[in-house]
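These notes concern the structure reproduced below.
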Amino acid sequence: MLGIWTLLPLVLTSVVRLLSKCVNAQVTDISSKGFELRKIVTTIETQNLEGLHHEGQFCRNPCPPGERKARDCTVNEDEPDCVPCQEGEEYTDKGHFSSKCRRCRLCDEGHGLEVEINCTRTQNTKCRCKPNFFCNSAVCEHCDPCTKCKHGIIEECTLTSNTKCKEEDSRSDLLWLCLLLLLLLIPPIVYVVIKEPCRKRRKENQGPHESTTLNPETAINLSDVDLSKYITTIAGAMTLSQVKDFVRKNGVSEAKIDEIKNDNVQDTAEQKVQLLRNWYQLHGKKDACDTLIKGLKTADLCTLAEKIHAVILKDITSDTENSNFGNEVQNLV
């Protein structure tokens with residue numbers, strides 16, 4: 001009986017040791033299986049990075065750029081069934097396992113963009129700024145309008161930079177001042193250019209004899225000279241349009257002008273004579289010569305006015321000298 005109690009601790013110790021070995025063996029087996037599982041997962045992940053994708057079954061290769069997967073692979077490491085993306089609306093620019101293509105980018109005109117390169121199955125749309133717009137960022141989602149310069153441009157606006165404008169300075173004020181002075185000086189300059197030739201020609205046509213020998217009585221008679229004997233000479237020195245313009249401005253009616261024209265359709269010389277005679281009859285003898293000379297000068301016909309004035313003045317001077325000579329002869333008798 002004593003021997004049994006002595007052997008019992010030994011038996012229990014052996015059982016405990018045996019159980020411990022079994023547990024250790026199971027733990028070791030579980031650890032080994034966990035390691036193998038991790039190895040498998042790592043292998044799968046590595047294969048995924050190399051182009052395998054698992055959706056039901058493994059596909060060995062991705063769909064090429066411009067295509068998408070139409071269905072999953074039915075056999076491990078099978079080739080995928082790929083179909084093209086929709087041209088102009090979708091694209092893929094690299095190999096992939098997706099069943100969808102990417103949507104093409106839209107170039108929003110409202111944001112200052114326009115299409116530079118159209119979208120294809122393998123390339124997205126490329127946008128750029130519209131004319132008179134710019135974008136200075138790396139990725140342009142919108143473009144800004146170019147600045148309009150009021151005082152001049154230093155650098156023109158480009159696709160990537162805004163316009164550089166000149167600043168307003170005192171030179172612009174000086175320019176406006178010079179322009180204003182020029183506008184003020186133009187009228188007197190034009191007046192001198194137009195009127196000075198008339199004044200010079202008047203001095204040239206007035207000889208020394210005319211300026212010194214005429215007495216006050218001759219000057220008075222010039223304003224009351226009878227133009228009837230000079231009408232033909234005056235008409236010959238003027239064009240028909242000049243005669244019409246003069247008589248029209250000095251009281252001859254359009255009806256009378258047309259009547260004289262119709263009466264002398266084929267003879268323009270006679271038209272001029274009759275028009276001047278009609279004007280002279282309406283005006284009368286008094287101051288008719290002055291009216292004629294002033295009217296021609298007003299119409300910028302200075303040369304013609306001086307020529308007619310010289311002819312009449314010379315004729316009056318000659319008549320005066322002849323009259324004086326006749327009086328001297330009578331006194332001698």
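The backbone N, Cα and C atoms fix where each Cβ goes, glycine too.
Look at Swiss-Prot and you will find Cys59-Cys73 (among others) tagged as disulfide bond.
Taken from Swiss-Prot, the feature disulfide bond covers Cys63-Cys82 (among others). Taking the Cβ of Cys82 (disulfide bond) as centre and 10 Å as the limit, one finds 22 other Cβ atoms among all the protein chains shown. According to DSSP, Cys82 (disulfide bond) sits within a strand segment.
Residues or ranges marked as disulfide bond in Swiss-Prot: Cys85-Cys101 (among others). In sequence order, Gly66, Glu67, Arg68, Tyr91, Thr92, Cys101, Arg121 are the residues near Cys85 (disulfide bond), counting only same-chain partners six or more apart with C-beta under 8 A.
According to its DSSP assignment, Cys104 (disulfide bond) is coil. Taking the Cβ of Cys104 (disulfide bond) as reference, residues of its chain lying under 8 Å away and at least six apart in sequence are, in sequence order, Gly88, Glu89, Glu90, Tyr91, Cys119, Asn124, Thr125. The disulfide bond feature in Swiss-Prot is assigned to Cys104-Cys119 (among others).
For Cys127 (disulfide bond), the same-chain residues lying six or more positions away in sequence with a CB closer than 8 A to its CB are Arg105, Cys107, Leu113, Glu114, Val115, Glu116, Cys140. Look at Swiss-Prot and you will find Cys107-Cys127 (among others) tagged as disulfide bond, backed by sequence analysis.
What Swiss-Prot records for Cys129-Cys143 (among others) is disulfide bond. Other C-beta atoms found within 10 angstroms of the C-beta of Cys129 (disulfide bond) number 24, with every protein chain shown included.
Of all Cβ atoms in the protein chains displayed, 18 besides its own lie within 10 Å of the Cβ of Cys146 (disulfide bond). According to Swiss-Prot, the feature disulfide bond maps to Cys146-Cys157 (among others), an assignment based on sequence analysis.
Listed in sequence order, the residues of the same chain lying 6 or more apart from Cys165 (disulfide bond) and placing their CB within less than 8 Å of its CB are Thr147, Cys149, Lys150, His151, Gly152, Ile153, Ile154. In this structure, Cys165 (disulfide bond) is part of a beta strand by DSSP. Residues annotated as disulfide bond in Swiss-Prot: Cys149-Cys165 (among others).
Residues or ranges marked as S-palmitoyl cysteine by Swiss-Prot: Cys198.
Each residue in the repeat 'TNFR-Cys 2' (84-127) has a pLDDT score, and their mean in this model is 92. If you look up Swiss-Prot, you'll see 84-127 marked as repeat 'TNFR-Cys 2'.
Annotation source Swiss-Prot lists repeat 'TNFR-Cys 3' at 128-166. Counting same-chain residues at least six beyond the ends of the repeat 'TNFR-Cys 3' (128-166), those with a Cβ under 8 angstroms from any Cβ of the stretch are 107-109, 111-116, 172.
The feature topological domain 'Extracellular' is assigned by Swiss-Prot to 26-173, with sequence analysis given as support.
Within 10 Å of the Cβ of Cys101 (disulfide bond) there are 20 other Cβ atoms, across all protein chains. For Cys143 (disulfide bond), applying a Cβ distance below 8 Å and a minimum sequence separation of six or more within one chain yields His111, Gly112, Leu113, Cys129, Lys130, Phe133, Phe134, Cys135. The two recorded residues, Cys63 (disulfide bond) and Cys146 (disulfide bond), have Cα atoms 44 Å apart. Cys63 (disulfide bond) falls within a strand when secondary structure is assigned with DSSP.
The shortest Cα-Cα distance from Cys146 (disulfide bond) to any of the disulfide-bonded residues (Cys59, Cys73, Cys82) is found for Cys82.
Cα-Cα distance from Cys82 (disulfide bond) to Cys73 (disulfide bond): 11 Å (rounded to the nearest whole number). In three-state terms derived from DSSP, Cys119 (disulfide bond) belongs to neither a helical nor a strand segment and is classed as coil.
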